[in-house]
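Annotated features in Swiss-Prot:
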type: ACT_SITE; residues: Ser114; note: active site, charge relay system
type: ACT_SITE; residues: Asp162; note: active site, charge relay system
type: ACT_SITE; residues: His194; note: active site, charge relay system
Amino acid sequence: MNKYLEYPEVESNRQPAKKLVVLLHGVGSDGHDLIGLVPYIKNDLPDCHFISPHGIEAYDMMPYGRQWFSLQDRSPHIIAKLIANNISKLEDIIKQKQEELNLTNKDTIIIGFSQGTMIGLYLTLIQREPFFCTIGFSGALIPPMEVNNKLTPICLIHGELDEVVGVSEMYNASNYLSKLHIEHSGHKLTSLAHSIDGRGLEIAINFINTCHTVV
């Protein structure tokens, strides 16, 4: 098996799965991090199969961990180029699992944290077929050169005390999405730093359960 296709996953409570949830971790972590959220949300999403891929690259600022792209240079145009270079590998991971489960983009939910949000939002905006929905925790939006998808609803969740990725990035993302008339919501959580808490998970669950398939 391709090394990129080896990752932790959790089957849906009900079979066959009707939705695929793709969890995208932050820089320096790996897929085992966000898969740890599944026990807290699985029962509220009984038809969802969860996968948590590892970042495409080894983390280049520490001897352990993974990354979706390097953050050595944080210039937006450099980051956009790095994401564009790696995005096809993430798409391959998702497409293979979709084929295994007989699902498509319209059945797929993207959930990212921090750097995972950055690549998850980018991935969402370049799709020809929209995802079911996308959720971004504590991240930022790096615009692609071309936006193909304006139909996937997006939920942004951010701690007001975040010192890693400031909450201003949520507002920047919201402004960008508003200009494109993309349906989205933003949630600033009080007393929360760069993390995911129970409030954020509840918002995410409610968002998923109120979304409808884009025709």
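Please read every residue number as a count from 1 along the shown chain.
Glycine is treated like the rest: Cβ placed from N, Cα and C.
Note that the structure is predicted; figures quoted are calculated from it, not measured.
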Mind giving me a neighbour count for Asp162 (active site, charge relay system)? Other Cβ atoms within 10 Å of its Cβ, every protein chain shown.
22
Cα-Cα separation of Asp162 (active site, charge relay system) and His194 (active site, charge relay system), in Å?
5
Check each residue in the chain of Ser114 (active site, charge relay system) that is at least six apart in sequence and keep those whose C-beta is under 8 Å from its C-beta; list them in sequence order.
His25, Gly26, Val27, Phe137, Ser138, Gly139, Val164, Val165, His194
Just to be sure I understand the packing, how many Cβ atoms besides its own are within 10 Å of the Cβ of His194 (active site, charge relay system)?
17
